[in-house]
Amino acid sequence: MMTMLRGWITMIVMLTAINAQAACSWPAWEQFKKDYISQQGRVIDPGDARKITTSEGQSYAMFFALAANDRPAFAQLFNWTQNNLAQGSLREHLPAWLWGQKDPDTWSVLDSNSASDGDIWMAWSLLEAGRLWKETRYTEVGTALLKRIAREEVVNVPGLGSMLLPGKIGFAEANSWRFNPSYLPPQLAQYFSRFGAPWSTLRETNLRLLLETSPKGFSPDWVRYESKQGWQLKAEKTLISSYDAIRVYLWTGMMHDGDPQKARLLARFKPMATLTMKNGVPPEKVDVVSGNAQGTGPVGFSAALLPFLQNRGAQAVQRQRVADHFPGSDAYYNYVLTLFGQGWDQHRFRFTVKGELLPDWGQECVSSR
């Protein structure tokens, strides 16, 4: 009788644990998988008629899978990326940035150039997956990928030093370089500094990029640097802070409070917080030189600013907007911004002062809506 009773108790405890794990999963991530990720591990952007997949999307999804302790999804994403974007090996090749429907009968790489924002997040996620899950294979591939990024996407710029190019082709001329300030999150730059040159100095040059290109407190989507003339802020085409730059504020907000760069960046970008508080919504576009804003940013912008805003009342306004207008199944970019911003806001993950992932795999249930 006692043996049978113990058996029932054990079964009840196990079922309770399983139900608790299911109930306390990350609902927004589970919905993202249903709406955007194929059974093979391909993140699909339905907003493009070619049903495209980008290295950025694959890398972000790998991060979310790691934060959610979703090892099967991570493995699927990794395998699909390696087999379809990296010619079978992320040790040997940077992933192509764009894949999709080439013609009615052909699905393949559409642009073989790389995109360093995806490469950076992918290398970091692999290294952290190796550490947290004790998976040597991920550590080895992440290390090899990071070395390849340093060889193929990092350049020495006179007057600046080591800088991360947006991709291996098309961003460097004889005396001119084009950069995207959102491509290297400061906490990831801090993490990579443990690997020595060029990462040990890239963190400081990346800070210069962020601070020196935001004269009015708004980071540009893209900016050019010339060897003898510096940053080209008054370019022939107006520099805009918009869909790329929103990630600069997101990364800044998610930095560890003990990181000395965070206070400097929050101070520099305070005008973005002030403008959002004044209008109740983030702007869609801001002229980097004049500070003039226009349009209303989509709901993903509100989610991205949840870690960045330091005023609790301002956070509450954007939090409510996200809850009221949660991205659907046809808004890839808004959804990934929401997974980052809202996920952080719900304490599903944090970054340590060294840039490592601090997941909350055992947290209480938190609603995503």
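Numbers run from 1 along the shown chain.
Note that Cβ sites are derived from N, Cα and C of the backbone, with glycine treated the same way.
Quantities reported herein were computed from a predicted structural model and do not represent experimental measurements.
What Swiss-Prot annotates here:
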type	residues	note
ACT_SITE	Glu56	active site, proton donor
ACT_SITE	Asp117	active site, nucleophile
SIGNAL	1-22	signal peptide
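Spacing of Glu56 (active site, proton donor) relative to Asp117 (active site, nucleophile) is 7 Å (Cα to Cα, whole number). A C-beta separation below 8 Å, combined with a sequence spacing of at least six in one chain, links Asp117 (active site, nucleophile) to Glu56, Ser59, Pro166, Asn180, Ser182, Tyr183, Leu184. Within 10 Å of the C-beta atom of the residue listed as 'active site, proton donor' sit 25 other C-beta atoms, taking all shown protein chains into account. In the three-state DSSP scheme, Glu56 (active site, proton donor) is classed as helix.
Under the DSSP three-state reduction, Asp117 (active site, nucleophile) is assigned to helix.
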